[in-house]
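Q: In case it helps, TrEMBL gives these features for our protein:
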{"type": "DOMAIN", "residues": "4-202", "note": "domain 'Cation efflux protein transmembrane'"}
{"type": "TRANSMEM", "residues": "33-51", "note": "transmembrane segment"}
{"type": "TRANSMEM", "residues": "71-93", "note": "transmembrane segment"}
{"type": "TRANSMEM", "residues": "105-125", "note": "transmembrane segment"}
{"type": "TRANSMEM", "residues": "146-168", "note": "transmembrane segment"}
{"type": "TRANSMEM", "residues": "174-194", "note": "transmembrane segment"}
Amino acid sequence: MRRLFVLISLNVAYSTAELVIGLFSGRIGLVSDAFHLTFGCGLLSFSLFAVAASRQKPDRAYTYGYERLEVLAAFTNALFLLFLSFSLAVEALHAFIQDESEHKHYLIVSAVTNLLVNLIGVWFFRNYARINLVYRKAEDMNYHSVCLHVLADSIRSAGLILASWLLSLGVKNAEVLCLGLVSATVFMLVMPLFKATGGILLQMAPPSIPSSALSKCWRQISSREDIAEVSQARFWELVPGHVVGSISLQVKQGMDDYPILQYVHGMYHDLGVQDLTVQTDYA
């Protein structure tokens with residue numbers, strides 16, 4: 001949490017300096033980049049808020065607690081990075097059509113400085129610098145999104161520097177090539193996170209439990225002599241590492257439901273369902 005605060009502070013200081021210099025010198029490129037960084041700081045601030053808020057205990061309004069805020073923050077970062085990838089692709093197409101192959105010196109200086117700032121962030125969260133990370137808790141997902149955020153910004157700055165160097169060597173369409181490569185790289189980096197966070201927010205079946213295992217449990221419960229029908233079974237991840245389930249059973253008349261509850265809870269607990277609600281009705 002402290003490292004994230006330091007990273008945000010560095011980015012705020014840098015974007016403010018870039019905005020002031022851009023406004024006083026009349027360089028629209030610096031102003032535009034400063035607004036981009038400011039928006040990114042807002043997303044990182046939301047991630048910081050999510051880390052702090054998720055530590056609060058459940059209350060009457062949020063009976064499951066606030067941990068899902070970290071999943072939402074990670075999803076927001078992933079969505080922003082997908083938009084960044086799309087905007088870079090559009091910029092590459094525009095550069096190809098307009099054949100604009102000239103980088104201004106002050107933008108290169110800005111890119112180098114921005115790269116150095118973001119590399120500090122990558123070093124802060126280097127333990128999360130992987131494409132496919134196993135999320136054991138919501139905090140892992142949130143910090144992974146922060147790492148991908150600064151990593152994508154670093155790649156963007158490095159792409160601009162590389163394009164300028166290639167242009168100085170006389171390579172045609174260097175900007176188009178570099179922007180397209182950066183766009184594709186950012187897209188591939190962020191898609192696994194986008195799918196994982198989106199799946200949790202949409203309450204998809206937990207990927208940590210095979211669907212075949214859930215189907216097997218359904219069949220075993222349905223085959224019991226004291227069960228008339230399994231009318232409903234739903235399972236989802238509240239946050240990474242916390243699977244929630246709800247199952248409705250029709251119990252045959254005259255049967256005791258206590259051993260049924262013990263059997264069902266034990267079976268799904270062995271699968272990794274931490275929070276299970278079982279509703280029993282008599283057929």
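Including glycine, each Cβ sits where the backbone N, Cα and C put it.
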Q: Cβ under 8 Å to the transmembrane segment (33-51), counting only same-chain residues 6 or more beyond its ends: which ones?
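A: For the transmembrane segment (33-51), the sequence-distant neighbours (Cβ-Cβ under 8 Å, at least 6 residues beyond its ends) are 1, 4-5, 7-8, 11-12, 14-16, 18-19, 22, 69-70, 72-74, 76-77, 80, 107, 110, 114, 139, 142-143, 145-146, 149, 153.
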Q: Look over the recorded stretches 71-93, 105-125, 146-168 and say which has the most C-beta pairs under 8 A to the transmembrane segment (174-194).
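A: Between the candidates 71-93, 105-125, 146-168, the best contact partner of the transmembrane segment (174-194) is 71-93.
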Q: Grab the same-chain neighbours of the transmembrane segment (71-93) for me: Cβ-Cβ under 8 Å, and only residues 6 or more beyond its ends, written as numbers and ranges.
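A: Result: 39-40, 43, 46-47, 49-50, 138, 141-142, 144-146, 148-149, 152, 156, 175-176, 179-180, 182-184, 186-187, 189-191, 193-194, 197-198, 200-201, 239-240.
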Q: Checking distant contacts: for the transmembrane segment (105-125), what same-chain residues at least six beyond its ends satisfy Cβ-Cβ under 8 A?
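A: 3-4, 6-7, 10-11, 14, 18, 25, 27, 29-30, 33, 37, 143-144, 146-147, 150-151, 153-154, 157-158, 160-161, 164.
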Q: Which sequence positions outside the transmembrane segment (146-168), separated from its termini by at least 6 residues, show Cβ-Cβ distances below 8 Å to it?
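A: Long-range Cβ neighbours of the transmembrane segment (146-168): 4, 7, 40, 43-44, 47, 77-78, 80-81, 84, 88, 101-103, 107-108, 111-112, 114-115, 118-119, 121-122, 125-126, 128-129, 174-175, 177-179, 181-182, 185-186, 189-190, 193.
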